[in-house]
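Heads up, the thing below is written out as structure tokens.
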Amino acid sequence: MMTEEQVIDILKPIQEPFLHKSIVEANSVKEIRVKENYVSLKIAITQANSPEQMQLQQEIVNTLKGAGVESVGLRFEQRQEEGQTQSTSDETKSSDKKTTFIAVASGKGGVGKSTVSVNLATSLAREGKKVGLIDADIYGFSVPDMMGIAERPKVAGEQIFPVERFGVKVISMAFFVEDNAPVIWRGPMLGKMLNNFFNDIEWGDIDYMILDLPPGTGDVALDVHKMLPQSKELIVTTPHPTAAFVAARAGAMALKTDHDVLGVIENMAYFESKKTGEKEYVFGQGGADKLTEELQTEVIGRIPLGQPEMRDDDFAPSVYTADSKIGKIYQDIAKKVIEKVEK
Ligand SMILES: Nc1ncnc2c1ncn2[C@@H]1O[C@H](COP(=O)(O)OP(=O)(O)OP(=O)(O)O)[C@@H](O)[C@H]1O
């Protein structure tokens with residue numbers, strides 16, 4: 001049987017991922033228990049529930065097993081400044097109390113719901129918020145491509161860690177299907193999958209959880225409403241009166257299920273000439289105003305037509321940079337959302 005001192009010796013070469021010194025030297029090993037061929041450890045890490053924690057976990061397990069330990073039990077906790085530690089083992093999931101859920105909905109496809117979800121999430125993160133984004137558009141998931149996400153979530157045992165991009169933690173159905181195969185699921189399966197997105201992912205602390213809903217008022221939208229009675233709704237429409245008319249149905253569903261409608265975002269609201277600054281209302285005018293009247297809410301922002309700049313160094317085809325004109329409009333939208341939620 002191994003002694004505690006021997007375990008410490010074995011752990012010495014392993015680095016604390018954030019402090020760049022050994023976990024032993026950094027006093028990260030808080031508890032050691034050895035019972036026959038079983039070693040149980042409690043480790044304090046600078047950033048609990050991070051991908052680094054997962055790598056450290058693997059390294060510790062592999063190292064101990066390499067030294068002949070048969071089974072390893074590991075618990076992590078958040079490292080505290082004053083040498084005090086607080087267990088986070090029960091807090092790995094997002095704590096619902098603090099998290100504001102915002103479902104982004106539209107009456108029909110193609111109005112820019114996913115583009116708005118992605119840019120709202122990124123802008124909230126730019127405001128310093130902890131943001132999660134669930135691509136709940138499980139039939140037509142597009143968020144990873146839009147944000148230029150190539151990697152897949154890290155998995156450790158039963159834990160799944162969302163992929164982080166521009167400070168936003170992202171989970172999409174795209175991560176779980178092979179080769180972009182279409183998802184053909186029936187209603188009950190969809191609800192189950194959404195449930196998994198909420199409960200089986202290690203979100204950590206989240207201030208704002210954005211949900212990119214499928215277009216329309218189908219099963220998934222309804223499931224989200226049932227599952228998250230507290231979620232707030234943001235409705236995306238184009239300025240065309242017909243689009244707004246269809247969007248009103250999505251809004252009506254939110255209201256019927258007692259959900260708070262935060263407001264309306266009018267996307268593709270106008271085209272602004274770079275030369276003259278003149279605005280052309282390509283898709284008509286008045287749709288969002290009509291919708292807000294109907295839903296007794298307000299227009300949170302109007303986004304003109306325009307594609308994000310293409311950047312080779314940080315490819316994300318649908319994310320507007322912070323200093324671009326549309327990026328700034330999204331920043332104002334994020335500020336307004338924060339003000340409305342936190343006032
Ligand atoms: N303001 C805009 N200016 C120019 N193009 C835009 C704008 N907003 C969105 N688009 C483009 O319109 C297309 C549809 O956008 P997006 O996928 O976000 O819509 P959606 O409502 O989520 O669609 P679906 O419901 O089919 O997933 C995309 O190609 C997107 O790049």
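Note: Cβ is positioned from N, Cα and C throughout, glycine not excepted.
If you look up TrEMBL, you'll see Gly107, Lys108, Gly109, Gly110, Val111, Gly112, Lys113, Ser114 marked as ATP binding site. In sequence order, Asp135, Asp137, Ser142, Val143, Met146, Asp212, Ser318 make up the list of same-chain residues 6 or more apart from Ser114 (ATP binding site) whose Cβ falls under 8 Å from its Cβ.
Taken as a whole, the domain 'MIP18 family-like' (4-70) shows an average pLDDT of 88 in this prediction. Taken from TrEMBL, the feature domain 'MIP18 family-like' applies to 4-70.
Annotation source TrEMBL lists region 'Disordered' at 78-97.
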Which of the listed binding-site residues (Gly107, Gly110) has the least company, meaning the fewest other Cβ atoms within 10 Å of its Cβ? Gly110
Please list residues from the chain of Gly112 (ATP binding site) whose Cβ is under 8 angstroms from its Cβ, counting only those at least six apart in sequence. Ser106, Val236, Thr238, Asn267, Met268, Ile303
Tally of residues which DSSP labels helix, strand or coil - the domain 'MIP18 family-like' (4-70): 24 helix, 17 strand, 26 coil
Say we define neighbours as other CB atoms within 10 Å of the CB. Which of the binding-site residues Lys108, Lys113 has the fewest? Lys108
Of Lys108, Gly109, Gly110, Val111, Gly112, Lys113, the binding-site residues with C-beta less than 6 Å from an atom of ligand 1, in sequence order, are Gly109, Gly110, Val111, Gly112, Lys113
